[in-house]
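Peer 1: What follows is a single structure, and I will ask about it in a moment.
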């Protein structure tokens, strides 16, 4: 009964996506896009080198409703519910809105470019295979390794955070018990496979959407003085008064921008999931369109309401203020209104959101490692799948990273959190910038080879200019990160803070130089890019190079071609 209900939802969503993309998708020049071609049964994968489809491929089991909810709430978790406390304390309410709005446009432009690439090349490993194809194989390797590593360490990161959130209830017992509970749950979901990931994210994302909407409504009531137990009365915009509105000035804005990037990391998972989505040419672009609502609802609206009901100078907002417990500012907002029971309910939501991020991270890391092996960037054993199409060895290695979380039992939880976070944070900036650069290169190759934009199955609504903006934002984000790393807020400059903030950069550079040295790779020349390689279904046939032979060179009246006419044909063909 329940499965039939979900099948009906999937069918209706798919029909809605088809209608939306075929009839109402608009480009930046105001023209309608062409109808998407029906993909063939075979799934064409590409990499460096290109490998034909074989039995060692991922299966397309993510349904339209899965893709929709992954796009809306897939990676909403620690960054929003916990990291927003640091953002509010470091930058104040105005800096939060400005930073998240600007970084939000950065994400929108990036994911729109990714949707264009994913629609024509829905491949395993998604975006960093584009880096190898359109930028440099060494860059694809370096970014791919860092992307895998960043999500692999996110698993123990979330396992480390979970007990700190549970300590809100003054939980007793060893931390390792709570780590083990969540560790086992994540392992069980991974054993379930792609279906498990999709179903868990579907329900947890619904929970997060309902919770955030509920928080927004409650915050309006609190700010208006409608809660009888809140002795503050009508709050209004009193927390937006100077000097709290722009804490720490420009440095505070830079610090919040860095937090915003971390909070929005994982948005590109829609592109990674393309390799296991049913009908990715249609579901991926349609899912990407939901990202706008994710950013607007979860971040802009929710954080604005948070700034109205929680003062930025309140002690305990920063994660470093408490060594054994993490209290979300969303929970603090409810506590300040003296509402009983509800803080615990909100804390449960945040705890489950942590599980959601850990689940998404293990999925992303295992699929990234699978793609690295498939493209010759990692040992071939990680390219193997079981009969259900699950990369079992890649999953096993990824899950082993979760054991790092047990170091919290030794009393180094806070320090471990910081170092793991350092690997995750900056890598997101490199990923987004590389996606935009690959899209620019793709468009250049498309133009040089005299292709028409109308022939693309999906076009980025921001065009190539959106990707140029994305590359520029990447440079500015790296500068902001460097500035905050050298001059941290509330501290004197020290090497530990700097390396925690910028450790991802040397990892990327070392990986790039090493691969380039040992494999002697070179930057990809635009005119030599084979646009048909790796294209999906009918798109591959449409992109095959056509040899135009002048009709007059062939002697039609003759039954047998002369040597001279054949030489002319061969000459024109070459």
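Numbers run from 1 along the shown chain.
Just so it is clear, glycine is given a Cβ too, placed from its N, Cα and C backbone atoms.
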Peer 1: According to Swiss-Prot, transmembrane segment applies to one of these ranges: 118-138, 139-159, 202-222. Which one is it?
Peer 2: 202-222
Peer 1: Would you mind telling me which of 69-89, 237-257, 258-278 Swiss-Prot tags as transmembrane segment?
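Peer 2: From Swiss-Prot, the annotated transmembrane segment range turns out to be 69-89.
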Peer 1: According to Swiss-Prot, which stretch among 5-25, 26-46, 47-67, 173-193 corresponds to the feature transmembrane segment?
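Peer 2: Spelled out, Swiss-Prot records transmembrane segment over residues 173-193, not the other listed ranges.
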Peer 1: According to Swiss-Prot, which listed range is transmembrane segment: 370-390, 412-432, 433-453?
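Peer 2: Among 370-390, 412-432, 433-453, the range Swiss-Prot annotates as transmembrane segment is 412-432.
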Peer 1: Under 8 Å, at least 3 Cβ pairs, sequence separation 6 or more: does that hold for the transmembrane segment (470-490) versus the transmembrane segment (391-411)?
Peer 2: no
Peer 1: Sort out for me which stretch, of 94-114, 173-193, 291-311, 391-411, 498-518, has the most Cβ pairs below 8 angstroms to the transmembrane segment (202-222).
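Peer 2: Per the Cβ count, the answer is 291-311.
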Peer 1: Quick test of the contact rule: Cβ under 8 Å, at least six residues beyond the ends. What residues does that give for the transmembrane segment (391-411)?
Peer 2: 58, 151-153, 155-157, 159-160, 163, 174-176, 179, 183, 186-187, 190, 362, 365-367, 369-370, 373, 381-385, 420
